[in-house]
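The compositional bias 'Basic and acidic residues' feature in TrEMBL is assigned to C:540-551. What TrEMBL lists as domain 'Cytochrome b/b6 N-terminal region profile' is C:23-249. Taken from TrEMBL, the feature region 'Disordered' applies to C:540-560. Among the features that TrEMBL reports, transmembrane segment is placed at C:56-75, C:119-140, C:152-172, C:218-242, C:274-295, C:337-367, C:393-418, C:424-443.
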Amino acid sequence: MADHRDGLPQGKKGNLLDRSADEQAVFQDPGLPPHRPRTTDVDSGAAKRAERQVALLFAISIIGSILFFVGYFGVRVDGDIYSVTDSAPTAALRLQNLLLGGGIALGMLGIGVGVVHWARTLMPDHELVEERHDVVTEDQRAEAEQIVGTILDESGIKRRPLIRNTLIGAAVLAPLPFVGLLKDLGPLNLTPLRHTLWDQGVRLVRDPSGTPIKASDVTLGSTFHVLPENLMDLGHEEGYLDQKAKAVVLLMRLDPDIVTVTPGREDWNVDGIFAYSKVCTHVGCPIALYEQHTHHLLCPCHQSTFDLANECEVVFGPASRPLPQLPIQVDDEGYLVARSDFTEPVGPTYSQRVIAVNEMEEENGN
Amino acid sequence: MKALSQKRRHPLALLALLVCALLLTGGLYAVATTTNQAKAAENYTASDVDEGSKLFISNCSTCHGMNGEGSDSGPSLVGVGAASVDFQVSTGRMPMQMQGPQAQVKPAQFNEEQTRQLAAYVASLGAGPEVPDEESLDVSQGDAANGAKVFLANCAMCHNAAGAGGALTRGKYAPSLMGVDEKQIYEAMQTGPQNMPVFNDANITPDEKRDVITYLKTMENNTDPGGFGLGSLGPVSEGLFIWTIGLLIIIGFAVWLTSRSA
Amino acid sequence: MSASTTTQGNTAEYQADTNVGKIANFVDTRVGLSPIIKEFGRKIFPDHWSFMFGEVALYCFIILLLSGTFLAFWFDPTMVTTEYTGSYVPMQGVEMSAAYASSLNISFDIRGGLFLRQLHHWAALLFSVAIMVHMARIFFTGAFRRPRELNWVVGCLLFVMALVAGFSGYSLPDDVLSGNGLRIVDGLARSVPLVGAYISMLIFGGEFPGHGIIGRLYIVHVFIVPMIILALVVVHLFMVVVHKHTQFPGPGRTENNVVGFPVGPVYAAKAGGFFFIVFGVLAAIAATVQINAIWNYGPYDPSPVQAGSQPDWYMLWTDGALRIMPGNWPFTWEWDLFGLVTLPMAILLPIVALTVFIIGMFTWPWIERWVTKDNRVHNILDRPRNAPARTGLGVAAMVYYGVLMIAATGDLIATHFHLAVNDVIYLLRFLFFFGPIIAFIITRRVCLALQRKDREIVLHGRETGRVQQLPHGEFIEVHEPLDEYRRYKLVAFEDNQVLPAQQDAKGKVTGSEKLRGRLSRLFFEDRVAPVTPAELDAAHHEHAHDVHELESAGSSSSGH
């Protein structure tokens, strides 16, 4: 009988070198090797021993489950975890975790290893053969085809194209309302991406304490993690994190001799104190690793490196754009304040960014 | 003797040895911390400065200049303060063995007295941060919760959330903070050694510095509650564990399970 | 006559003697248990350790469902701000989301909660490891070939769903580490041309991080993804039953049978026992090795970040792809098109690199079938060495994946091996392009060498290590011929050869056919044919000569 399962015309076997016709060309299957008895098959003492081992393993499982309750009720974790003066509660927690988990581990392993040991040594290990059958036989396929034909015929869907076409149209449209409902998962307004809480006169304050910063506090080599002062009044429900995620700034004093400043930005720093957005222009991780001697900023997520001496040009890594600079000045009381908001959108790139940058430039120009 | 040498090969011997070693280092550590705490804010005498000057000229002047004015191979030390000297010398970073991306920690070359004298000399060159007093290092007065906040905002980006250290650019790195002396942590924040930024008292107040130290000591003094900590390196070491030890155990069981019993 | 009277009047109906028998009989006559037992009771499964990884994945999934259910009892998936009052000192009095606070409570204030968290997380890691190893086994043995192509696709879907399940779960505790992971998701979403920023707004319910993401990830993590995985697992296993398991070549094994052990009792005991073993191993790991110490990271806040920020291992390759892409070398990879659209190619190209891998994975069965024109049913597996080109390609793919994965750990490699992180990345950029090619060439050569070794063993027998001297002074090592069963294992493989480009019906050789011909050459040009009985005979004659000399001189040349 023709073997039609290969889907190729008879005699064609793809790239296979067909040598089945030649008896001398291939080895004949010798059939299953003879069964080799195990020690437990021939030695009743060994079988008895295996039986005892299995029982012992099950007993270990029982002990394990009891151990869990020893840990559960026997170990008391009294007091604070990670207390600076008393490390006993943390140690007790560790012990409890060990006993609870160890108990369950023994409980499970005892059963598992026991059952498998039982199967390997005491259950028959004769290999058996089962015949495979085609996934479908030709008869079944023909029968099924016929049934499908009957169904289609009786439904009349082929004969009545009007019904068929309108049904297709209806079926395509019916799920659309549910796609439409997804629209309100979020507001579709991109203008917030252009603005942060920074504005003219907003004080720079320390993260996390919220205290303002005097220019004299920023000594050479030091760095401040900075938030806008008006963020501190914002409640969590009013978008505190959303605003913080855009407004975080890193502040440091640089040696004026090494810094290049492009024209138009001369008054953005205060005697060598520069403020840059902390949000990476790559995919938005906070850039916070400041090396004071190499004046580099490094992103710990993807190792983008920015050169502070060169207005945060990218010197290594996957970021393509310099970090946006926040223009700053000093107010009457000597505290650092923003001169304005950022002049470009902070954070990772999005398609509409170039439009946003152009429009913001125009606004600032006016 | 024979009995001992036999017992030496006992599997538990290694464990016993480990326990002894741990107790010993723990004891030494306790002694070391108390001696450090005994040393309060410094009042340097003229002879301290004198002795320090001699040590400086013979050990440091090659790079930092005869009067600490600096040279091409070492920065000026005018105004770096006693804290900076105490940190660099007591951690063995200075004197440097060779030029490299950054100075390495190694056994200190000078004893406490000599370090003090060196600090006295450099402090006399120009005003700078002083060696912290005992009170600023007393972790029993610190607030670990505030310390955690300050640490996560200012330090974790380089030193890792668990203080395990991390990489900087071009071969430089932020070292692990576990097992570092309170005073050295304080001085590092104050003086910004190597490429570390300076966290002056206007940025992180002395109380906040103590809180940070408290938080670090809290992490150090408590064991990892979940078991072996895998170096506190996060998901990578966990992934490595499951791909090596975890997978090997599972493969071992699978091979045993599918093999024929003898 | 009604049915009931038939039953009542039918005195011949089976009556069970025992209680168990009675219950079984009751169920059987209501729902028909017998056919199921007939089908599965003595179903045969072949035995090989590498066949167990699918089971490991399944068991991990069950353990994940179990431990996850317990965690859900205490976890609060909301971003409402609360002040922490639990027993972990460094966070006392800190403002945090309810999600993070409840994660801390599970760790420190629910007895056994820490164990459950660790068990769940370790099971998730092993789940994805097992899926990957299982896929590698399927690939390298050619088990994806007809009739199992669709099951390969289902498996690939399971792999992808495991990634989604893992990532959504990793983000739930709302700590700094996972929050920065979500921030990267925001950056990736924004990079999509034209609609990216809107997609990000839809995901986060406004600007990142918003107030909704944890709740949304929660429903994805505990309902949508597990349901999809469950459905796919059912389909996956159904197909395994339909196809029956594959088996390695060997004596008695043919394309039309399956040789192994019956489900009842041996395989049920082994597979059932293995569930408890996997559970026990995971419990032992969770009891002794700490995982994801969220208390160190602090509650999510957009300002802090920590050194060593990495995702769980199964997402490392995506992070690595982002890391090795240079942002402005040799020119800037951020393109402003006509002042209208900004394209961040430094993000889009890594996404392409990942997509190529995923698409290649899904379509491989059809690609291979196109190259080899082999559309036959395969129930006998290939030993990896007997398919050198496929094995080479598989290793090349593993190197590709591995380079990306290692790239995500560049900073840790740098600190632990005292290298510069920049140099590590430069090296990996090189390996990304050349590593897979080198791996392919080396692997294929190794496979061919192993095939030649098999040939040697069949022709000349196994080396015994015994050296003897022939009468004329030559030393030979005595080789022991193989028995016919072992020999069959080494010779029973298919002898593929190059199938050059063919003319189509119009007598023309199309471009794609030429490409196929070239690929076929790449696949099969260097090949080692299985030993034929004629070759073996010839080899035996040669040996017989040596042995004859040895025997005839037996007494004269004694003891060497």
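Note that Cβ sites are derived from N, Cα and C of the backbone, with glycine treated the same way.
Remote same-chain partners of the transmembrane segment (C:152-172), defined as residues 6 or more beyond its termini with a Cβ less than 8 Å from a stretch Cβ, comprise 57, 75, 77, 99, 103, 120, 124, 127-128, 131-132, 134-135, 138, 144, 178-179, 181-182, 213-214, 217-218, 220-221, 225-226, 228-229, 232-233, 235-236, 239, 292, 311-312, 314-315, 358, 361-362, 364-365. Counting only same-chain residues 6+ beyond the ends of the transmembrane segment (C:424-443), those with a CB under 8 A from a CB of the stretch are 320, 323-324, 326, 388, 391-400, 403-404, 406-407, 410, 413-414.
If you count C-beta pairs under 8 angstroms between the transmembrane segment (C:218-242) and each of C:56-75, C:337-367, C:393-418, the highest count goes to C:56-75. Averaged across the domain 'Cytochrome b/b6 N-terminal region profile' (C:23-249), the predicted model reaches a pLDDT of 95.
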